[in-house]
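So that you can see what the record holds, here are the features copied from TrEMBL:
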TRANSMEM  12-32  transmembrane segment
DOMAIN    13-420  domain 'Major facilitator superfamily (MFS) profile'
TRANSMEM  52-73  transmembrane segment
TRANSMEM  80-96  transmembrane segment
TRANSMEM  102-124  transmembrane segment
TRANSMEM  136-160  transmembrane segment
TRANSMEM  166-186  transmembrane segment
TRANSMEM  223-248  transmembrane segment
TRANSMEM  254-278  transmembrane segment
TRANSMEM  290-307  transmembrane segment
TRANSMEM  313-335  transmembrane segment
TRANSMEM  356-373  transmembrane segment
TRANSMEM  393-416  transmembrane segment
COMPBIAS  433-452  compositional bias 'Polar residues'
REGION    433-466  region 'Disordered'
Amino acid sequence: MLVRGSHGRGRASVTHAVVVIFLEFFAWGLLTTPMLTVLHETFPQHTFLMNGLVQGVKGFLSFLSAPLIGALSDIWGRKSFLLMTVFFTCAPIPFMRISPWWYFALISVSGIFAVTFSVIFAYVADITAEDERSTAYGLVSATFAASLVTSPAIGAYLSAQYGDSLVVLVATVIAVADIAFVFFVVPESLPDKMRLTSWGFPISWEQADPFASLRRVGKDTTVLLICVTVFLSYLPEAGQYSSFFLYLRQVIEFSPAAIAAFIAMVGILSIVAQTLLLSVLMRTIGNKNTVLLGLGFQLFQLAWYGFGSEPWMMWAAGTVAAMSSITFPAVSALVSHSAAPDQQGVVQGMITGIRGLCNGLGPALYGFIFYLFDVELNDMDVSSTSSPDGRTIIPGPPFLFGACAVVFALLVAIFIPEHHQLAEVKTCSAHKSGTSSTAHAQNSSPLGTPTNDAEDIEPLLQNSSM
């Protein structure tokens, strides 16, 4: 159900979440080309491995902080933590031109608060009925892809015509606009009866400890299966995201214009997949089977990337990659359907924490595998690509490793039950403070149950697109 926000303008809606995600990742998408340049200039040796280290620190810090931020947002509300995560995620952008070393240092440290998706998914769960939530998650995930449809091409054009400084300035302005939008426009989504008015409410160490979340994962079979599936499927995705543009440019010999067009194509197809296709699949084959189908697409895509050596193969595999983008929103919906209304932040924080860990391990792992197979990614000059005699039989070894990981993810996901209550995750609400948490749960109706406050129910995007 949709609830009326107590802060901001109007009532909370999925549109607010979509705008926040779009602006944040559009700003970062503009920096795709300047980022490659700054990486090469700052770390002329072992560029890709250093990138993996920077992203690894950021991802590990995200893993450590996600459970705490999720639990705090369940008590104090989503808006303040949404403002915090957007601010710190975008804070490094202007430092790309001010000081590259400070830029990479801030990117690493920003991982403490770079969990925007965790808060956004909890925000969406607050304001949508259970049967609408998977569509809403698909729309939010599709918005991430939409932000990358044009932003890398725009950034590359501005960089070529006016220099990287203008691109960084435009990205900074968009980031500031996003922060202002959250502060002045976005309403609070968590109902007053579920939100504490006192900031003195105690948070136990177990709620803040990310390893406690992993211990809870082991106590509930369904949570364990879901988290292992997320880890095995997102680990190769995180590594791919950090290296693929550079791989296309040097190994496959894509031009900058071709890379921008490739990103746009995958983004547009991802919009269709995560909105129209996802809605149809969720209604026809169910949540679990949608996850399995998405993992199948990802397996096919990674295998094609691994063995493909011609540009047309990358274009074909890119279409399959767009179809695989349905996996994460389907997994998020599967988890959310099984969690209590006052535990949405906790469960989404657990999933985001696992993804944060993958964001740390994936880039470093891909860089190391490229290094082992002598696929050099630290030279930005396309002409230095290895000669045909020197090419390996497998052009992209890390992608084949990723395909193997997805095979195991598929095997694990098969055993996830279609309907299950995440009992252990719910149990952690009892650690908040005994009766206070119980009162919150008693005062809140299940998300899928209709209420008399019919005017607060918003039909969620019956005809939507990404």
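A Cβ is built for glycine as well, from the same backbone N, Cα and C atoms used for every other residue.
Automatic prediction, not curation, is the source of TrEMBL annotations.
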The transmembrane segment (313-335) vs the transmembrane segment (136-160): three or more C-beta pairs under 8 Å (separation of 6 or more)?
yes
Winner by Cβ pairs under 8 Å against the transmembrane segment (102-124), considering only 12-32, 223-248, 254-278, 290-307:
12-32
What mean pLDDT score does the domain 'Major facilitator superfamily (MFS) profile' (13-420) have in the model?
80
Apart from its near flanks, which chain residues at least 6 from the ends of the transmembrane segment (254-278) lie with a Cβ under 8 angstroms of it?
32-33, 134-135, 138-139, 141-142, 145-150, 152-153, 156, 160, 245, 248, 290, 311, 314-315, 318-319, 321-323, 325-326, 329-330, 461, 464-466
With the greatest number of Cβ pairs under 8 Å to the transmembrane segment (223-248), the stretch among 12-32, 136-160, 356-373, 393-416 is 393-416
The transmembrane segment (136-160) in contact with the transmembrane segment (52-73), cutoff 8 A, at least 3 CB pairs, sep 6+
no
Is the transmembrane segment (166-186) packed against any residues at least 6 beyond its ends, judged by a Cβ distance under 8 Å, and which are they?
5, 8-9, 12, 16, 19-20, 23-24, 26-28, 30-31, 33-34, 79, 82-83, 86-87, 90, 93-94, 96-97, 155, 158-159
Outside the transmembrane segment (12-32), at least 6 residues beyond either end, the same-chain residues with a Cβ under 8 Å of its Cβ set are 2-5, 82, 86, 89-90, 93, 96, 116-117, 120, 123-124, 126-128, 136, 139-140, 143-144, 146-148, 151-152, 154-156, 158, 167-168, 170-172, 174-175, 177-178, 181-182, 185-189, 245, 263, 458, 460-461
Verify whether three or more Cβ pairs under 8 angstroms connect the transmembrane segment (52-73) with the transmembrane segment (290-307), leaving out any pair fewer than 6 apart in sequence.
no
Which stretch, 52-73, 80-96, 393-416, tops the Cβ pairs under 8 Å count with the transmembrane segment (356-373)?
52-73
Quickly jot the same-chain residues contacting the transmembrane segment (80-96) by Cβ under 8 Å, restricted to those at least six beyond its ends, or write none.
20, 24, 27-28, 31, 34-35, 38, 69, 72-73, 102-104, 106-107, 110, 112-116, 118-120, 123, 164, 168, 171-172, 175-176, 178-179, 182-183, 186
